[in-house]
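Down below is the structure, laid out as structure tokens.
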Amino acid sequence: MSCPVIELTQQLIRRPSLSPDDAGCQALMIERLRKIGFTIEHMDFGDTQNFWAWRGRGETLAFAGHTDVVPAGDVDRWINPPFEPTIRDGMLFGRGAADMKGSLAAMVVAAERFVAQHPHHRGRLAFLITSDEEASAKNGTVKVVEALMARHERLDYCLVGEPSSTEIVGDVVKNGRRGSLTCNLTIHGVQGHVAYPHLADNPVHRAAPFLNELVAIEWDRGNDFFPATSMQVANIQAGTGSNNVIPGELFVQFNFRFSTELTDEMIKERVHALLEKHQLRYTVDWWLSGQPFLTARGKLVDAVVNAIEHYNEIKPQLLTTGGTSDGRFIARMGAQVVELGPVNATIHKINECVNAADLQLLARMYQRIMEQLVA
């Protein structure tokens, strides 16, 4: 027996939408949404396709997601070509099956069923879809949110379809995310011959005490919703490759995943103070890719928990762990934001797959959430 959620997921997977190329995925979704009365607004920026769609008016529940996927990697290692979806032993294989074309299909089918049963729903149902989440994310959701905020668009609740689950659908719901701050630091010295260190100034030696103290800092202890802030050195480079040249510069890149116990400015101030303490000559460039956000228990979280308990008979964990998502941009609108999607065990991997039955279940959960908030 055919299943509309599985069929739409397969159609989306067949479109090789490597970020930021949408490859026709959004046109497929838009066609379905138009048929059930959605107004569509294309909001493209640069090489990125985005759309904002809505039906009804009043209190607004938006479903957000991305059509782009990461590269497939070595296609010879896939059990089936990555953009030719196949079902084996109940598992749907294909790039994007879990992240996140399965969620997109579940959203659309849930909306179709919801509108059929509630043609005169009281609230507004919306979609915010982008083709640039996996890559730079510079022309995607962030730009759409800026445009919506500029015209004072209303957004009360947003469900992001990121693959939040770990073992079964709904066992984990993300009701927040940590902030992400990257420091690109260059320590300046004086290049010279290793046999004449008095004529040079080795930036590696200079930086070592600073780095040793930096990695030992306890930034905070987290709180009831967030783990402790973490700092990790990601890249470090110095030298010419020769064994007889003292380097003139040391480059080090480190990233903070920070909780609501800190702000990005607090982190910057402490790092700069440490640099001054060690009397280093330096240049620094900071990149804030997202502030931490948290959606406490309320109408959206309660509706999501209710849907999971109703269909899967489990009580989900509310977590803020993991990387960043487009939820960090949407939260700026003052909306309650949560993430609920399929199991994430194979995302970005060879042979990415999702349990086909999970997608059908997810569509029912999404529909129940719609019914609780905007029916």
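Each residue, glycine too, has its Cβ placed from N, Cα and C.
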Let me know which member of Asp99, Asp156, Asp171, Asp326 Swiss-Prot also records as binding Zn(2+) 2 at the site of Glu134, His348.
Asp99
For the Zn(2+) 1 site that Swiss-Prot assigns to Asp99, Glu162, which of the candidates His66, His121, His188, His193 is also assigned?
His66
Quick one: of His66, His348, which of the binding-site residues has the smallest count of other CB atoms within 10 A?
His348
From Glu133, Glu134, His348, the recorded positions whose CA lies within 10 Å of that of His66 (Zn(2+) 1 binding site)
Glu133, Glu134
Around the recorded Zn(2+) 2 site, report the further residues of that chain (criterion: Cβ within 8 Å of the mean position of the Cβ atoms of Asp99, Glu134, His348; site residues excluded), sequence-ordered.
Val69, Val70, Gly96, Met100, Ile347
Other than His66, Asp99, Glu162, which residues of the same chain sit close to Zn(2+) 1? List them in sequence order, counting a residue when its Cβ is within 8 Å of the Cβ centroid of the site.
Gly65, Met100, Ser103, Glu133, Glu134, Val160, Gly161, Pro163, Ser325, Gly341, Ile347
Within 10 Å of each Cβ, count the other Cβ atoms, then let me know which of the recorded positions Asp68, Asp99, Glu133, Glu134, Glu162 comes out lowest.
Glu134
Per DSSP, three-state class assigned to His66 (Zn(2+) 1 binding site)
strand
Cα proximity to Glu133 (active site, proton acceptor), best match among recorded positions Asp68, Asp99, Glu162, His348
Asp68
